[in-house]
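Novice: Sharing the features that TrEMBL gives for it:
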type     : residues                                                                                          : note
SIGNAL   : 1-17                                                                                              : signal peptide
REGION   : 28-54                                                                                             : region 'Disordered'
DOMAIN   : 57-266                                                                                            : domain 'Sulfotransferase'
ACT_SITE : Lys66                                                                                             : active site, for sulfotransferase activity
BINDING  : Lys66, Gly67, Gly68, Thr69, Arg70, Arg149, Ser157, Tyr257, Lys272, Gly273, Arg274, Pro275, His276 : 3'-phosphoadenylyl sulfate binding site
DISULFID : Cys258-Cys267                                                                                     : disulfide bond
Amino acid sequence: MANLLSYVLFLALRTFAAPPEYIQVWPGGSTPAPRDPGNDTVGPSLVPPPGTSKHAPHSIIIGVRKGGTRALLEMLDIHPEVAAAATEVHFFDWDENYAKGFEWYQDQMPYSYPNQITVEKTPGYFTSPVAPARIHAMNSSIRLLLILRDPTERVISDYTQVYFNRLENHKPVQAIENMLVKNGALNTRYKAIQRSLYDVHMRNWLQHFPLEQIHIVDGDTLIHDPLPELQRVERFLDLPPRIVASNFYFNQTKGFYCIRSDGHERCLHESKGRPHPPVNSTVLRQLQKTTYRQHEINPSGS
């Protein structure tokens with residue numbers, strides 16, 4: 001995974017070329033807003049805690065979808081000097097929300113004390129063609145967190161989430177091979193695949209922010225050994241070291257780490273860590289070749 005992250009940065013820095021033709025850019029350069037964004041934002045609290053106020057975020061987790069953004073936010077929220085937004089605001093990637101203005105955006109943030117920093121996470125920002133410029137216009141010195149994982153596994157995880165969501169809503173579902181393959185070839189216009197072409201999206205961010213303001217978290221390591229990754233995030237955000245090994249415990253039933261803080265224990269939502277469906281070996285090789293395209297590295301790490 002470390003090799004992959006290095007190559008992503010190398011390719012992004014090497015050229016700011018336009019996205020390949022199979023990277024879909026929405027008309028007008030923006031991404032469409034879902035029909036009901038109000039259900040995904042945080043309403044203002046009626047009675048704020050004494051001594052608190054709302055601020056624009058000091059740091060934003062910009063992505064990537066199904067990369068571990070929720071785990072990162074909840075683990076970072078252990079820190080006493082972090083105030084984390086409860087839900088995804090989608091201010092910079094949804095035109096409908098962006099049109100509401102900055103005051104609306106700030107009002108979606110949590111109340112925080114003077115010694116705390118505010119952190120927001122919306123994974124859709126990373127793949128949005130307009131989010132980098134909009135965030136830069138708000139705060140050119142903001143610190144950005146980007147969590148990446150194996151791009152092929154991320155595609156399959158993306159499919160799995162949509163699959164179960166459709167089942168729960170009694171909608172028809174398709175086998176993963178039917179989504180990945182179209183007319184006998186890999187369907188590179190499938191959004192789940194587009195989201196895993198990390199270097200393409202990274203170029204857009206590096207046109208607006210220096211690399212020093214973007215900290216990449218290894219999503220695979222965060223799941224298996226969270227403490228070192230969280231400590232690196234603390235240093236990047238200039239936070240005093242407060243997250244320790246006792247804040248995490250491995251849940252044998254769920255198969256991943258859960259959080260222990262202030263005498264309470266909690267695990268990520270049951271939708272996290274769902275088993276992935278098997279994928280036809282030929283299709284899987286095509287997917288690996290595409291998501292690792294240009295990287296010139298073997299997905300097995302050899």
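Here the Cβ of each residue, glycine as well, is placed from N, Cα and C on the backbone.
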Novice: Can you give me the same-chain residues 6 or more apart in sequence from Arg274 (3'-phosphoadenylyl sulfate binding site) with a CB-CB distance under 8 Å?
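Specialist: Listed in sequence order: Thr160, Gln161, Phe164.
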Novice: Give me the Cα-Cα distance between Cys267 (disulfide bond) and His276 (3'-phosphoadenylyl sulfate binding site), rounded to a whole Å.
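Specialist: Their Cα atoms are separated by 19 Å.
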Novice: To see if you understand the setup: which same-chain residues, six or more apart in sequence, place their Cβ under 8 Å from that of Lys66 (active site, for sulfotransferase activity)?
Specialist: Pro123, Arg149, Arg154, Ser157, Asp158, Gln161, Arg195
Novice: Which of the three DSSP states, helix, strand or coil, fits Arg70 (3'-phosphoadenylyl sulfate binding site)?
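Specialist: For Arg70 (3'-phosphoadenylyl sulfate binding site) - judged by DSSP and reduced to three states - the answer is helix.
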Novice: Using a 10 Å radius around its CB, how many other CB atoms surround Arg70 (3'-phosphoadenylyl sulfate binding site)?
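Specialist: Within a 10 Å radius of the Cβ of Arg70 (3'-phosphoadenylyl sulfate binding site) lie 18 other Cβ atoms.
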Novice: Using DSSP, would you call Ser157 (3'-phosphoadenylyl sulfate binding site) helix, strand or coil?
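Specialist: Where Ser157 (3'-phosphoadenylyl sulfate binding site) sits, the three-state DSSP reduction gives helix.
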Novice: Using C-alpha atoms only, work out the spacing between Gly68 (3'-phosphoadenylyl sulfate binding site) and Cys258 (disulfide bond) and round it to an integer in Å.
Specialist: 13
Novice: List the residues of the same chain that sit at least 6 positions away from His276 (3'-phosphoadenylyl sulfate binding site) in sequence and have their Cβ under 8 Å from its Cβ, in sequence order, or write 'none'.
Specialist: Glu153, Ile156, Ser157, Thr160
